[in-house]
Amino acid sequence: MEDSYKDRTSLMKGAKDIAREVKKQTVKKVNQAVDRAQDEYTQRSYSRFQDEEDDDDYYPAGETYNGEANDDEGSSEATEGHDEDDEIYEGEYQGIPSMNQAKDSIVSVGQPKGDEYKDRRELESERRADEEELAQQYELIIQECGHGRFQWALFFVLGMALMADGVEVFVVGFVLPSAETDLCIPNSGSGWLGSIVYLGMMVGAFFWGGLADKVGRKQSLLICMSVNGFFAFLSSFVQGYGFFLFCRLLSGFGIGGAIPTVFSYFAEVLAREKRGEHLSWLCMFWMIGGIYASAMAWAIIPHYGWSFSMGSAYQFHSWRVFVIVCALPCVSSVVALTFMPESPRFLLEVGKHDEAWMILKLIHDTNMRARGQPEKVFTVNKIKTPKQIDELIEIESDTGTWYRRCFVRIRTELYGIWLTFMRCFNYPVRDNTIKLTIVWFTLSFGYYGLSVWFPDVIKPLQSDEYALLTRNVERDKYANFTINFTMENQIHTGMEYDNGRFIGVKFKSVTFKDSVFKSCTFEDVTSVNTYFKNCTFIDTVFDNTDFEPYKFIDSEFKNCSFFHNKTGCQITFDDDYSAYWIYFVNFLGTLAVLPGNIVSALLMDRIGRLTMLGGSMVLSGISCFFLWFGTSESMMIGMLCLYNGLTISAWNSLDVVTVELYPTDRRATGFGFLNALCKAAAVLGNLIFGSLVSITKSIPILLASTVLVCGGLVGLCLPDTRTQVLM
């Protein structure tokens, strides 16, 4: 009986020893596999695995193996029958430990403290170390994925969004004269349209940039572009000026998020050697947006025949068609963006390892198939993710209803955006943020300020040239005639019109002096900058015309009738004769950016971002002095093209530097803040330079030159990001 009991006891001990040994060997193999996966992209040595392949046991450093530890003679009677499953679990109550026990309980076995025992500073320090390791690994992964079809597809999708931003900036200036007059805007409120759009873009840049760091690049960009497209379309149909302002405000608010989100999104799928060049190529779409807006304005707005009316109150003029056409790039980008994935770098930053891995594999497979290498396997199996620091959200007890919960959620998100923004002024990016603030402000102030000043300087030159082309018709008689075409830039003096019919005529800059109209009919007539001075009308009928009393100067009416006069505000802005030239000059100025874009893209990675940034701003400041010698329209247009061509290189390099200087967790927020500052500087520049147009030419030139040169010198003090990985 005793022998059988001892045999069973020995058998049980032997089985436990075997199970314990198998467990240790399994742990060892799993640890080796995990270590190899983590070391694959961190360039660590694999020597620690070479001597462990055939080990009989796996022990922590500092412990030795005693071959008789499991023998009956070496075993303790006190531990006989003990099983590992019977041990007290961590977290069970084990009594209050002494001070010495507390010190030795965890640290003595060489295990790190749990996160629950660490303060926030320690956790953030560990997270920074994880982010540095992830940055190196992610760069190698992107290099393995290659640059190909996926990046080019995303390039064109994001390019459409950037094009929509460029269109939005130009739309304001092009529709401003027509919209203000068409919507019956008094002079006191005429400047609100331009300011309200920039205000919306300023707030939108800050909000959407911060949101992109919270919910993702793709989601933020989809929402902001949808807001822009919807309210841009809606603004083309509204009739009241207040509602029109509201629509343009929200349209600007939506498009404000395009630039910070687009550049952050695209930079995170580019390898280091491709980043500067391809971000510069992406900047070309902003220029394409300006060219598109200028060309459409040139082709659409001056054509007043492209309009219709529903009664006398609802007028749909050509500038509204222009607004609809300018919303098409935004709609196209929204549709295309739905087929693109989220930024994998953002997903890794927020701890979504599996989703990021799937997207990186998609990028790799897409590019390899395009290269004709579909059999090439994506070798990455594990990617480092930064330590996630939990943030507690306090939800009040009265948030039972859905709208209260929604309010708390919105308030929490806004508070999170604000905290991320404040971190842009923490170490190690605080100094860079201050320098970037100066560079963004000076470049925007000088660029947009002179952009307002140029057209106002050119306009008097255009007026003089237009006056030289005026056709003068004097002392002639016309009887039994019908005119149904456009009359433009003419002066009729001492004329007599008998039994004439003016049907559907567009009068543009036409003046009648000392003329007589007998038994004439004006039907469905539209006039712009047209006046009748000291004229006599006898038995004349006016049907559905826009001839307001102020257009008849010292004129006399005998037995005349007015029927169905057009009500509401008609397009009567005075300098319509220069509309073609204004759009054409803007078209040329935008087209001049093309050489600067090409040069900056080709040289960005060769001469460096800082050389490009500082050199372009200094050269732009110097080029302003040539404006003193501009005495003709063609010379001023040439100076405008030169200035725009030099400035665009500074804009491109500044975009690249800004993206590369901020880490992923605050990249879009920092970019959004700087872009919002850019819009504020643009408004300030418009106000200051606009007030100096009629005073002197020297002050705007000196101001712009000084600001640009100073900003360029500060830009040279920024750290060079050409060789660093994207944090």
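Each position is counted from 1, following the chain as shown.
Cβ atoms are placed via backbone N, Cα and C, with glycine included.
Both ARG217 and GLN724 carry the same topological domain label in Swiss-Prot, so the record keeps them on one side of the membrane.
Using a cut-off of 8 Å between Cβ atoms, the transmembrane segment (637-657) and the transmembrane segment (192-212) share fewer than three residue pairs, counting only pairs 6 or more apart in sequence. Predicted-model confidence for the topological domain 'Extracellular' (459-578) is 83, expressed as mean pLDDT. Where the transmembrane segment (610-630) meets the stretches 227-247, 249-269, 321-341, 670-690, 699-719, the count of C-beta pairs under 8 angstroms peaks at 699-719.
Sequence-distant neighbours of the transmembrane segment (699-719) (same chain, 6+ residues past either end, Cβ-Cβ under 8 Å): 432, 435-436, 438-439, 441-443, 445-446, 449-450, 453, 610-611, 613-618, 620-622, 624-625, 627-628, 650, 654, 657, 661, 688-689, 692-693. Here the transmembrane segment (192-212) touches the transmembrane segment (249-269). Their Cβ atoms form 3 or more pairs under 8 Å, with each pair 6 or more residues apart. Non-local neighbours of the transmembrane segment (281-301) in the same chain are 155, 158-160, 162-167, 169-171, 174-175, 178, 262-263, 266, 318-319, 321-322, 325-326, 329, 579-580, 583-584, 586-587, 590-591, 593-594, 597, 600-601, 648, 651-652, 655; each lies 6+ residues outside the stretch with a CB under 8 Å from one of its CB atoms. Within its own chain, the transmembrane segment (321-341) has Cβ neighbours under 8 Å at 153-154, 156-158, 160-161, 163-164, 167-168, 171, 174-175, 218, 221-222, 225-226, 228-229, 232-233, 235-236, 255, 289, 292-293, 296-297, 300-301, 306-307, 359, 362, counting only residues six or more beyond its boundaries.
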